[in-house]
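Participant: Quick one: the structure is below, questions incoming.
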Amino acid sequence: MNIILLGPPGAGKGTQASKLVADRGMVQLSTGDMLRAAVKAGTPIGLKAKAVMEAGELVSDEIVSGLIGEKLDSMAASEGAIFDGYPRTEAQAHSLDEILASRGRVLDHVIELEVDEDALVERITGRYTCANCGEGYHDRFKQPKVAGVCDVCGSAEFKRRPDDNEETVRTRMAEYRAKTAPILPVYEARGLVRRVDGMADMADVSAAIAAILDN
C-alpha cells in the first residue's frame, strides 16, 4: 500500500502519518527530512544536494527523485510508503509513477485532509504548549484544569510558536493550494483521490483514513 497524504499545515497530516506508521508499519517519506538525512549521512545524492543548496539553488526534481528511489530501495517490499510533501508538480507526479513501477510498486490512494480555513486559523492561533514539558493546550479546546498551571508537570510557564498567527496561516493555506493545484487533477483523472474531513476529531480522521485503506 503506497499513498500520498495531502493537507495544509495544521490539518493534522503529521499526526495521521505517525499513526499509520505505528499502526500499519508504513514508512513516511518526507522529502525535507530525507534531504537533511542524506546530506548528514553523506550519501552520493546527499552530497549532490548539499552542493546545490550551498550554491543557493533549488534542489532539482532529479535529486528529489533519487532520494525517493534510495529510500524505497531500503524498504522491505511489504512496507507501504506514505509520501509527504511530494509530488508537488505534474512532472514529479509522473516521475513518482516511474519510480514506483520500476520497483514493482503502484500508487494506491491520494488522501487529502480537507479543512475550513477560518476554523483552521482558530485551531492554530489558539494552540500553546507548556514551556517545561511540552504538553499541548488550546485557548478554546483544551485549557489546563487549573488556570495557568500545566496538568502534567505543574509549570506555570507556557509558550506559543511565533508563526502561529493568522497572517502566516492564511499565507500557508494559499501556498498549499498553489502547490497542490497542479497535481490533484492528475490523480483525480485516475480516480485515486479520496477526501477526509481534517477538521473532525483526530480519532474520526484516523478511522476515515483506515476505511479508505481497508476498502
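Counting begins at 1 with the first residue displayed.
Keep in mind that glycine also has a Cβ here, set from the backbone N, Cα and C atoms.
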Participant: Which stretch, out of 30-59, 180-209, is listed as region 'NMP' by Swiss-Prot?
Facilitator: 30-59
Participant: Among ARG88, ARG127, ARG140, which is the one Swiss-Prot gives for the ATP site where GLY10, ALA11, GLY12, LYS13, GLY14, THR15, ALA200 also bind?
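Facilitator: Record source Swiss-Prot; matching candidate: ARG127.
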Participant: Between the binding-site residues VAL59, CYS130, CYS133, ALA200, where is the Cβ count within 10 Å the lowest?
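Facilitator: Among the binding-site residues VAL59, CYS130, CYS133, ALA200, the lowest count of other Cβ atoms within 10 Å belongs to CYS133.
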Participant: Going by Cα-Cα distance, pick out whichever of the binding-site residues CYS133, CYS150, CYS153 is nearest to GLU57 (AMP binding site).
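Facilitator: Nearest in space to GLU57 (AMP binding site), counting only the binding-site residues, is CYS133.
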Participant: From the binding-site residues THR31, TYR86, CYS150, ARG160, pick the residue whose C-alpha lies nearest to the C-alpha of ARG127 (ATP binding site).
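Facilitator: Nearest listed residue in space: ARG160.
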Participant: Work out, from DSSP, the number of helix, strand and coil residues along the region 'LID' (126-163).
Facilitator: 0 helix, 12 strand, 26 coil
